[in-house]
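S.K.: According to TrEMBL, the record shows the following:
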- 7-25: transmembrane segment (TRANSMEM)
- 45-68: transmembrane segment (TRANSMEM)
- 99-122: transmembrane segment (TRANSMEM)
- 134-151: transmembrane segment (TRANSMEM)
- 163-181: transmembrane segment (TRANSMEM)
- 275-293: transmembrane segment (TRANSMEM)
- 313-331: transmembrane segment (TRANSMEM)
- 352-372: transmembrane segment (TRANSMEM)
- 378-399: transmembrane segment (TRANSMEM)
Amino acid sequence: MADRRTFNVVILGVGFLFIFTAFTTCGNVEQTVVKSLENSTFTGSGYHSLGIIYGVFSFSNLLAPMFVTVIGPKITMFLSGLLYSGYIAVFIVPSTWSFYLTSALIGIGAAMLWTAQGHFLVENSEASTINRNTGMFWALLQLHFHQAIYFNLPVSDSSRRNIFLSLLVISILGTLSFLVLRKSHHEEEMLSEEEGQSLLSTLKLPAATECPPCSAGLELSFYSGVYGTCIGATTQFGEAAKGLIGISGIVVGIGEIVGGGLFGLLCKNSRFRRTSVVFLGMVVHFVAFYLIFLNIPDDAPIVFETTTLKKPYLTPSVSIALLCSFLLGLGDSCFNTQLYSILGHVYAEESTPAFSIFKFIQSVCAAAAFFYSGYIMLMWQLLLMVILGFTGTLCFFVVERMQNFSVDIQEF
C-alpha cells in the first residue's frame, strides 16, 4: 500500500513537471515574446495576461472544492491540464482575443488543478510521510525550471511556432500522465455537490494563516515572471540579456530542487524544523532582495519598448543576478514545502477546502502583483515583499504555536 501511495506521489510530480515545464517557460518569456511579435494587430500584454490568470484563479478557488469532490481529483487534474495546453497553443498562432480568453480559462484550470493536487497529496500521505511526500512532489515539480527552454530572444515567427509546438506536446504528455494515477486504499467516496459545498462552508482557517500565502503570492509573481523580465531589460547585460531569462529560470529551479530535497525529503516531520526552515527562507529571500536592489536597474520592470535607462548601485553582474535566482528558488522552496506540510498535517480530513482557501489568498496577491509590476519601480516592489515576507513569517510562527498548544491540550 505504501508503494502505491509513493507511486501516486511520483506520477503526480512527473505530471506537474511536464505541464509546468511548458507553462513556466511561457510565463518567464511571454512578455518578451509578446514585445517581439511581428504582428501589428497583436496588442496583448504578458503582465496583463498573468494578472488575468491569477485574478480568475483567485475567485475560481471558491468553487474548486465542490468541483473536486464531485468528479474526483484525478479527472479534475486531467481536465485542468487540457486548459493549460490550450493556453500554450495560443502562442503558435497568437491573437489578442484568444490570448486573453485562454488566460481566463487557465485561471479556472489552475484553481481546479492545485486544489485537486493538495487533496490527492494528503490522501496519499500519513502524518509520518506528509513531509517526505511534500518534498518529493516539490522536488519533482521544480525540475521544470531545470528543464526550461533556453533560447535567445527575439525569435522569428517560425522559431516561435516550433518552440511552442514542442511545449504543447510536453504539456499534453503531463496531462495524460494523470490518467495513470491509482486510487489509494483509504480514498473516501466522492461527495455530492451539496456535501462538497457544506464542507467548504464549515472550514475556517486561523486568521494568521492569511499572511503566509499572501507573501508567497507576491514572491511567486516576482520570481516566475518579473525577475526574468528585469534581467532581460538590463542594458548592461548587452546582447546576452534576453538569453539570460531562460538561464535564470533554470537556476531558480535548481534552488527549488535543493530546498525541496533538504527540507522535504531529508527532514522528518518536526514542528521545530518547520519554523526553522521558514525563518531560513525569509533570511535567504531578504539577502536576494538586497542583492537585486544593488545589481538590477530600478526601472527594469517598467520598460517595454527599450532597455533600462537608470544605473544600479553596482555594475550589473551576471554572476550576482544568477545567484539571486538561486536564492529566490531556495527561499521559495523553504516556504512552500513547510506551508504544504502544515496544511496537510492540520487539515488532513479537510484538505480540499483548506488548499483551496490557501490558493485563493495566494493567487489574489499574485494577480495584484502582476498588474502593478509593470508600473512600479523595482525598489518599491522589493520593499513590499520584505514587509510581507517578515509579516508572513511571524504569522507562520503564530499558527505553528497554536497547533503546538492544541496538541499539548489534547495530550493532557
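Every residue gets a Cβ built from N, Cα and C, even glycine.
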S.K.: Can we call the transmembrane segment (275-293) and the transmembrane segment (378-399) in contact, meaning three or more C-beta pairs below 8 angstroms at a sequence separation of 6+?
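M.R.: Between the transmembrane segment (275-293) and the transmembrane segment (378-399), contact is present.
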S.K.: Are the transmembrane segment (45-68) and the transmembrane segment (163-181) close, by which I mean at least 3 Cβ pairs under 8 Å that are 6+ residues apart in sequence?
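M.R.: They do not touch: fewer than three Cβ pairs between the two stretches lie under 8 Å.
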S.K.: Return the stretch with the most CB pairs under 8 A relative to the transmembrane segment (7-25), choosing among 99-122, 163-181, 378-399.
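M.R.: Counting Cβ pairs under 8 Å, the winner is 163-181.
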S.K.: Where among 99-122, 163-181, 378-399 do we find the most Cβ pairs under 8 Å to the transmembrane segment (352-372)?
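M.R.: If we count Cβ pairs closer than 8 Å to the transmembrane segment (352-372), 99-122 scores highest.
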